[in-house]
Amino acid sequence: MAQHRVVLLPGDGIGPEITAVARQLLEAVSQRHGFELCFDGQLIGGSAIDACGEPLPASTLDACKAADAVLLAAIGSPRFDNLPRDKRPETGLLGLRSGMALFANLRPVKIVPALIGASSLRPEVIEGVDLMVVRELTGGIYFGQPKGRIQADGEERGFNTMTYSSSEVDRIARVAFDLARERRGNLCSVDKANVLDVSQLWRDRVDAMAPAYSDVEVSHMYVDNAAMQLVRSPRQFDVLLTGNLFGDILSDEAAMLTGSIGMLPSASLGSDCPGLFEPVHGSAPDIAGQDKANPMAMVLSAAMMLRIGLKQTEAAADLEAAVDKVLAAGFRTGDLMAEGCTALGCRAMGDALLKAL
């Protein structure tokens with residue numbers, strides 16, 4: 001029997017509640033498909049600060065690096081807003097990504113038929129949307145040097161540097177090409193090559209890699225047009241490849257096509273390391289401990305972990321099918337509630353998902 005080591009990071013707010021739901025479903029689906037998941041719970045974020053004074057204990061990072069996959073729930077709490085920036089819960093996530101050498105962020109956006117009315121766009125625009133945003137995580141303007149604020153010519157000036165090396169572009173492009181090959185074979189690379197030298201390099205490197213993926217259709221789109229097309233005609237996209245800044249913006253725009261951030265999973269990947277899988281939503285401290293949380297993004301993140309991180313594709317499909325079945329049956333948590341549907345709390349939704357398996 002195959003064994004997989006999975007680190008669970010419940011984190012803060014609603015994190016422990018949605019982690020409990022995901023764990024029970026993972027245990028059930030692993031038994032059905034004949035593999036074993038060995039779970040290791042670790043601290044991160046505010047819960048780690050409370051326990052040991054640091055948002056990312058060394059023991060947590062060591063455990064994550066030694067695992068086969070990491071499943072994170074949520075990080076953050078306003079209780080820690082008065083701390084120095086480098087001591088806040090969110091720093092734990094940044095340190096985890098850096099320590100695990102994760103450079104590729106994957107954000108799938110897929111319209112669930114039962115929730116098509118939740119989107120602010122017309123059904124005929126978003127019906128059938130199934131796209132993946134692949135965002136580079138460790139380069140670009142967020143990390144480029146030099147950066148800072150200085151006094152110059154009698155006034156204050158702020159500056160940042162947008163920079164990418166050819167190797168940085170190549171490794172994220174390879175992730176996107178591989179995904180496009182597994183999906184529908186269409187890759188759209190997003191840049192601003194008409195005005196930015198760094199984007200011209202980006203486009204050149206993508207074009208240089210394209211011949212090795214002759215089965216993938218490659219196109220390029222300026223970021224401003226991509227932002228417009230995501231709203232105008234999102235079905236045209238399969239895999240979107242972006243740099244750090246553009247991906248940060250476009251992935252959030254794409255997320256809202258679904259109408260609820262409570263349904264969106266994500267993955268962060270490196271070259272030779274475990275993947276980190278987490279919901280897009282935050283820790284929602286205002287509803288923590290009240291059995292109101294929507295666990296579905298966490299469950300779908302667990303499905304991504306099974307498919308991408310552990311190569312258990314049939315088990316992943318079972319989890320995704322359970323989510324579809326429950327929604328089609330009219331069960332909803334409060335954030336998705338609509339007329340004619342049945343309201344469930346977090347634990348009851350977990351039970352419904354378990355039954356749907």
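Placed from the backbone N, Cα and C atoms, the Cβ positions cover glycine too.
Copied over from Swiss-Prot, here are the features:
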- Arg97, Arg107, Arg135, Asp224: substrate binding site (BINDING)
- Tyr142: site 'Important for catalysis' (SITE)
- Lys192: site 'Important for catalysis' (SITE)
- Asp224, Asp248, Asp252: Mg(2+) binding site (BINDING)
- Gly282, Ser283, Ala284, Pro285, Asp286, Ile287, Ala288, Gly289, Gln290, Asp291, Lys292, Ala293, Asn294: NAD(+) binding site (BINDING)
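Of all the binding-site residues listed here (Ala284, Ala288), the one with the fewest other CB atoms within 10 A of its own CB is Ala288. Annotation: Arg135 are the binding-site residues among Arg135, Gln290, Lys292 whose CA atoms are within 10 angstroms of the CA of Asp248 (Mg(2+) binding site).
In sequence order, Met132, Val133, Arg135, Ser251, Ala254, Ala255, Leu264, Ser266, Val280 are the residues near Arg107 (substrate binding site), counting only same-chain partners six or more apart with C-beta under 8 A.
Among the recorded positions Tyr142, Asp224, Asp252, Ala284, Asp286, Asn294, the ones whose Cα sits within 10 Å of the Cα of Lys192 (site 'Important for catalysis') are Asp224, in sequence order. Between the C-alpha atoms of Tyr142 (site 'Important for catalysis') and Asp286 (NAD(+) binding site), the distance comes to 30 Å. Taking the centre of the Cβ atoms of Asp224, Asp248, Asp252 as the Mg(2+) site, the nearby residues of that chain (Cβ within 8 Å, site residues left out) are Val223, Ala227, Leu245, Phe246, Gly247, Ile249, Leu250, Ser251, Glu253. Counting other C-beta atoms within 10 Å of each candidate's C-beta, the binding-site residues Asp224, Asp248, Asp252, Asp286 are led by Asp248. Across the structure, Asn294 (NAD(+) binding site) and Asp224 (substrate binding site) are spaced 33 Å apart at their Cα atoms. Asp252 (Mg(2+) binding site) is 23 Å away from Ala288 (NAD(+) binding site) when you measure Cα to Cα.
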